[in-house]
Amino acid sequence: MDKRHDPSRRIIAPHGTRLSCKSWLTEAPMRMLMNNLHPDVAERPEDLVVYGGIGRAARDWDCYDKIIEVLQRLEDDETLLVQSGKPVGVFRTHADAPRVLIANSNLVPHWANWEHFNELDKLGLAMYGQMTAGSWIYIGTQGIVQGTYETFVSVAKQHFEGISKGKWILTGGLGGMGGAQTLAGTMAGFSVLACEVDETRIDFRLRTRYVDKKATSLDEALAMIEEANQAGKPVSVGLLANAADVFAELVKRGVTPDVVTDQTSAHDPLNGYLPQGWTMAEAAAMRKTDEAGVVKAAKASMAVQVQAMLDLQTAGAATLDYGNNIRQMAFEVGVENAFDFPGFVPAYIRPLFCEGIGPFRWVALSGDPEDIYKTDAKVKELIPDNPHLHNWLDMARERIAFQGLPARICWVGLKDRARLALAFNEMVKNGELSAPVVIGRDHLDSGSVASPNRETESMLDGSDAVSDWPLLNALLNTASGATWVSLHHGGGVGMGFSQHSGVVIVCDGTDAAAKRVGRVLWNDPATGVMRHADAGYEIAKNCAKEQGLDLPMQE
């Protein structure tokens, strides 16, 4: 019997102001853990899988139940330790210490590979936490929409003089992360053709309004794209097909998209990528009997897809890696020039990171969408001279369906995060918001990750693989008084390729919370500015000076 599988479970986080725990500082992590497994949020909630292949919220259902039980009895001077999804200890700390400290999927570097991890996973000794799955701050596909939108807007500016009308994006993957591409692309003015092998995922994205149409053949999908482009109105199409097949077929036909990328779960060749010619049922069976054969076949198909991406790049498509490590997988099986197309961070996002700008997110623990709309208005009030940000908030309200507890993603940086958070805390204090909010972020942020094939690819000083930075980030957030802090390995790009940290803090309207919020939401993005200034980026150095950061070696 698999202790991780229970189809009878249907987890819905409590709404409103009635507490199940002893305070909001423990109620918040409980609700957010539960929200990660909401049926409209998680990819496979019955298996505790939130997103990203096998990214889980808890190691098994016994561990989940025990975490909930402990959070409900935890005092405000105690801290729960969670080791790879398993609650292993409660210790006396103090009121400003985190209520939960989490470490997921971390392995000594020599053993930091999928083979060793999978053995531990089968023995029930480890859990893959991805980024926000095991750190309890996943908010559904919205969590990556704005970052993807910002990337596609940058693509239009760099390659098409800012004009996306009549142009289209080819991509793969409509899972928890990839599902953002279709909505983000159309919001940026592109049509999008997204290949997906799992029809239930396409249907889920249709239901939550992230995909406009479904196609079952390439000809049908291309006709939909052509019709939309002729009409000047972007459309997103989920095509039920294997990305490797489709990408290669387009090369064969001489059909060149304007933009090419991919967000399949290529980071996990065993569980995340379906080999060409295989059905999902065949792959599921083979994973139980021949793991090495599945990995070999998956990587061979990735090589086909990456070669097609290179060919489409040669034909004129703006081609980018979207952080799933597919280039590395193809390189390992013989595609020697797999890295000839860039990753999205060095190509489009790094200037934002240099100012500590990244995926700031907040969640209304009340469950009331009005609380989010009120915070949207507060953001506009406090940042009045940013029409791009205002446009994003307007589009988000109009086009993004909430999944689980209402939430918002909003890319802001060092100069704005703390003051927005303090304003939210004040709104809770004076009753403008009906309950506390939690504020967190993706681990994909400016100072919280080391990932040489993604966030820290091609750093100016060559420090791509130095992982001291996310460790320092986690330590500083703990010292600053975050409500929960996490330190993970392998998120986004797979085992051996990344280390990263997460942070969440509760705005409960108290003066004590205001002090913690002011520290955490300043220090956290400041570590990103510090990291990039240390690497030699002038934008970061200037930001550090403007914001008065004390960086001894920058004097």
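Glycine is treated like the rest: Cβ placed from N, Cα and C.
What Swiss-Prot says about this protein:
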type	residues	note
BINDING	52-53, Q130, 176-178, E196, R201, 242-243, 263-267, 273-274, Y322, G492	NAD(+) binding site
ACT_SITE	C410	active site
Reduced DSSP assignment, A243 (NAD(+) binding site): helix
DSSP-derived class (H/G/I helix, E/B strand, else coil) of E196 (NAD(+) binding site): strand
Length of the line joining the Cα atoms of E196 (NAD(+) binding site) and C410 (active site), in Å: 27
Candidate binding-site residues G176, A243, G492, pick with smallest Cα gap to C410 (active site): G176
Chain-internal residues, separated by at least six, CB under 8 A from G492 (NAD(+) binding site): G52, Q130, M131, H267, G323, N324, N325, H443, L444, S451, R454, S498, H500
Spatial neighbours of S265 (NAD(+) binding site) that are distant in sequence (at least 6 apart) but have CB under 8 A: G52, G53, G173, G175, N271, G272, Y273, N324
Site of maximum Cβ density within 10 Å, from recorded positions A243, C410: A243
